[in-house]
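See below for the structure under consideration.
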């Protein structure tokens, strides 16, 4: 089954609104047709208004880097999925290892967020991934599988088919170490197999699975050649317009 690739840049806690606007202006007119690939950037909350406004007449989609699982209320410092939808965001990244690690997010939190995101008409990009210790112990498939099952629990088959899963081995995020092509393929296939077990093969064949972890213009083509890798969630290489655009060269 042919799945449309999705390349998403995750700016993390970088860029002020002026820098975000300049980035979008630099890349927007150079992006390929949405028939070929979906392209998105995940901007910090303080940059979302500017980024969405700058991207609105282009094919560039915009993601939030997180949200809460309630729409309104006494949740100081949190971001409402309802307001993200009203602002014009397309995606919300949830379950990133930095959120799990530094902010103690649980699989249950991530599952609640996924449901809230869908309830507001947005699409979740659900992250999963194992530590170096888990990887070296040979338990990556089991660990990541449990994360995926928990994150998707209670969603409909239709919802799961439409979301994006991002496999990011924690040991490869921002470390300069990247998974081999075989590692990426095997783990993205394992993620898809969990979806097949929980929701059926037809859903698994539709869901898009990204690889993330030190993806750069030099290695993106190798990852995109893997049958079960449908895209990339990219950190460092998404901060400069030139390197971000170069990630799309795999299409040639």
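Backbone N, Cα and C atoms are what each Cβ position is placed from, and that goes for glycine too.
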Residue from 154, 174, 200 that Swiss-Prot also lists as binding substrate with 10, 11, 12, 214, 235, 236: 174
Maximum Cα-Cα separation (Å), residues 10, 11, 12, 174, 214, 235, 236 listed as binding substrate: 14
Top Cα neighbour of residue 96 (active site, electrophile) in the set of binding-site residues 12, 174, 214: 12
The one of 174, 235, 236 whose CB sees the fewest other CB atoms within 10 Å, among these binding-site residues: 174
Residues satisfying Cβ distance under 8 Å from residue 12 (substrate binding site), sequence separation of at least 6: 44, 65, 98, 235
Entries of 11, 214, 236 which, being binding-site residues, have CA atoms within 10 angstroms of residue 168 (active site, proton acceptor): 214
Assigned conformation of residue 10 (substrate binding site) - DSSP reduced to three states: strand
